[in-house]
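Listed in TrEMBL:
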{"type": "TRANSMEM", "residues": "6-26", "note": "transmembrane segment"}
{"type": "TRANSMEM", "residues": "38-63", "note": "transmembrane segment"}
{"type": "TRANSMEM", "residues": "75-98", "note": "transmembrane segment"}
{"type": "TRANSMEM", "residues": "110-127", "note": "transmembrane segment"}
{"type": "DOMAIN", "residues": "142-207", "note": "domain 'Golgi pH regulator conserved'"}
{"type": "TRANSMEM", "residues": "147-169", "note": "transmembrane segment"}
Amino acid sequence: MSFLIDSSIMITSQILFFGFGWLFFMRQLFKDYEVRQYVVQVIFSVTFAFSCTMFELIIFEILGVLNSSSRYFHWKMNLCVILLILVFMVPFYIGYFIVSNIQLLHKQRLLFSCLLWLTFMYFFWKLGDPFPILSPKHGILSIEQLISRVGVIGVTLMALLSGFGAVNCPYTYMSYFLRNVTDTDILALERRLLQTMDMIISKKKRMAVTRRTMFQRGDVQNKPSGLWGMLKSVTASAPGSESILCLLDSTPPLCIRGGIKSNGE
């Protein structure tokens with residue numbers, strides 16, 4: 001009975017953490033982007049939820065909350081899920097996005113995504129051979145092998161990135177401050193700003209014309225009401241909405257952000 005109560009507490013906290021991760025992704029990370037990738041959003045929210053749950057389990061271990069067997073079970077389960085996402089899902093989905101952006105491989109993107117993932121797994125496993133992480137107590141396909149490789153490779157990459165950032169960031173900023181800004185540079189930036197504003201105005205005009213055409217056709221007024229209308233509006237798109245989405249996709253993020261600010265003003 002205590003295991004069921006402890007599991008209900010952990011599941012409730014995971015649901016809350018998942019909701020917080022979902023809102024953080026929507027409101028902070030991708031608040032200025034119109035293109036939504038729901039699979040990426042789900043993966044981020046699940047990873048955020050299980051990471052916060054592991055931190056919560058550490059606090060419960062210190063304070064002595066929940067049963068020790070329940071804490072061990074949920075700790076093991078969280079490790080398995082995070083390793084599954086980190087080693088299997090995220091590399092596969094990154095490879096899938098890379099292959100999907102190549103037109104020649106678009107029809108067989110699933111096959112080439114699997115090939116990229118197998119290549120990643122080969123190098124991921126071979127990188128751990130020089131490290132002293134092999135143990136005769138554990139098998140080659142045990143969870144300890146994955147945790148050891150993720151830990152050693154992750155710490156090594158973090159050290160490399162930290163060293164690169166510590167050197168590159170001051171060098172980059174110093175080059176900006178030491179550079180002499182001439183009148184020609186200012187005029188070029190003003191010209192680029194005017195071109196961007198003209199692009200925003202022209203696209204907003206085209207979007208307004210498209211919306212007016214949709215309104216005249218009755219696409220806005222004749223939307224069905226009720227639950228069926230909501231489901232139909234989610235699954236089906238209006239005939240003119242594709243052109244609006246094309247305009248948003250062709251507009252750079254800076255232009256979209258500038259258009260949002262101009263509308264707010």
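Using the three backbone atoms N, Cα and C, a Cβ is placed for every residue, glycine included.
Sorting the domain 'Golgi pH regulator conserved' (142-207) by DSSP state (H, G, I as helix; E, B as strand; all else coil) yields 61 helix, 0 strand, 5 coil. Over the domain 'Golgi pH regulator conserved' (142-207), the average per-residue pLDDT in this prediction is 84.
Long-range Cβ contacts of the transmembrane segment (110-127) within its own chain (Cβ-Cβ under 8 Å, at least 6 residues beyond either end) map to 87-88, 91-92, 95-96, 98-99, 149, 153.
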